[in-house]
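To start, the structure itself, in structure tokens.
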Amino acid sequence: MAASDTERDGLAPEKTSPDRDKKKEQSDVSVSPRASKHHYSRSRSRSRERKRKSDNEGRKHRSRSRSKEARRHESKDKSSKKHKSEEHNDKEHSSDKGRERLNSSENGEDRHKRKERKSSRGRSHSRSRSRERRHRSRSRERKKSRSRSRERKKSRSRSRERKKSRSRSRERKRRIRSRSRSRSRHRHRTRSRSRTRSRSRDRKKRIEKPRRFSRSLSRTPSPPPFRGRNTAMDAQEALARRLERAKKLQEQREKEMVEKQKQQEIAAAAATGGSVLNVAALLASGTQVTPQIAMAAQMAALQAKALAETGIAVPSYYNPAAVNPMKFAEQEKKKRKMLWQGKKEGDKSQSAEIWEKLNFGNKDQNVKFRKLMGIKSEDEAGCSSVDEESYKTLKQQEEVFRNLDAQYEMARSQTHTQRGMGLGFTSSMRGMDAV
């Protein structure tokens, strides 16, 4: 709109003809110069007001959704149009000046000088306005760039502050955990649980408050605060749960033990009172008697009989249905007799006699062997009568031991002292048989 107004003002002088100029000169002669001057200034002020209004309307009607690049292009186009219109006006005014100099009188020349001054003022005003607009647009762009750089700096500083606050909160959490662990070791479990829970909650609140304050500075929506697990508290809670479970299991076991004892007492009472009477009592009470209950009652009666006769009871780890209590009692009696019966003095087996009379061909070896075997009397072993078979075996043993000693000595001399090859299986070993 502003460009169209400038073009109208520029094209207006083209329409003016020389006849019109002459009429103006005549009117100027008749009318005083002051009145004409005021009239011309009023028309100029009205045209300026119209231009301003049109500019304002154009600005209002522009869509806000246009991009910055489009606005820059428009400002450049407007400035180029203004320059063209100003050049066109300069050319027209120069042509008008030439005509007016040829055709005008002295009064006309004065008037044209005034017009030229006014036109030059208008041109200077339009140029200064375009410069001001350019300057304003540049200053706006600079301000925008400065504000963007400030926002970036602020965002960077905020991110640094967040990182610092997070690291501080982590360090505090670690300190809190270490303190809670050291306290929970020395204090009672029940007291430490309640105190550590209240303290941990208070510390969490204290930690969360500075976080919220630091994060509220940022325009972005703040995420929920991180609530990490307190390992010390978790361990204490797990320990408490385990203790509760152990208590429950212990109570169940105690109940089961009590029930078993009651059943055993009932079985013992049934055994003493007689199985037939017990079954009769159960039938009289109205309970259903199964064959298993009847068998258990019979076995209990047998065990009671055996206990009364022998004084030996069948242990609980045996199945009462599979073990006969009377036979078990007899076996136990025999075992006890064998264990606690004293040894008879004349009973010695042949193998015992052979070991006692063993001779290695060396007294020291014989003494060592008897000590190891627990043989006490040497004189009795020598004086006792020996059978022919035992004597032969003793002789054979002596010969075997002598041969072994000779072979060992030969092998030792060849391997260690003479340094023979291997174990000494050479022609010198043939002399071993003669020894």
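The backbone N, Cα and C atoms fix where each Cβ goes, and this holds for glycine too.
From a predicted model like this one, the values you see are computed outputs, not experimental measurements.
Residues annotated as compositional bias 'Basic and acidic residues' in Swiss-Prot: 1-27 (among others).
Annotated region 'Disordered' per Swiss-Prot: 1-230, in sequence order.
Taken from Swiss-Prot, the feature N-acetylalanine applies to ALA2.
Taken from Swiss-Prot, the feature phosphoserine covers SER4 (among others).
Among the features that Swiss-Prot reports, phosphothreonine is placed at THR6 (among others), with the record citing similarity to another entry.
Annotation source Swiss-Prot lists phosphothreonine at THR16 (among others).
The phosphoserine feature in Swiss-Prot is assigned to SER17 (among others); the stated evidence is similarity to another entry.
The phosphoserine annotation in Swiss-Prot covers SER30 (among others).
Feature annotation from Swiss-Prot assigns phosphoserine to SER32 (among others).
Residues or ranges marked as compositional bias 'Basic residues' by Swiss-Prot: 35-51 (among others).
What Swiss-Prot records for 66-111 (among others) is compositional bias 'Basic and acidic residues'.
The phosphoserine annotation in Swiss-Prot covers SER104 (among others).
The compositional bias 'Basic residues' annotation in Swiss-Prot covers 112-214 (among others).
Looking just at the coiled coil (230-270), the mean pLDDT is 88. Per Swiss-Prot, the feature coiled coil maps to 230-270; the stated evidence is sequence analysis.
Cβ neighbour count for LYS376 (SUMO1 cross-link) (all protein chains, 10 Å cutoff from its Cβ): 9. Per Swiss-Prot, SUMO1 cross-link is recorded for LYS376, and the stated evidence type is similarity to another entry.
Annotation comment: Swiss-Prot describes LYS376 as SUMO2 cross-link, evidence class similarity to another entry. The secondary structure of LYS376 (SUMO1 cross-link), as reduced to three states from DSSP, is coil rather than helix or strand.
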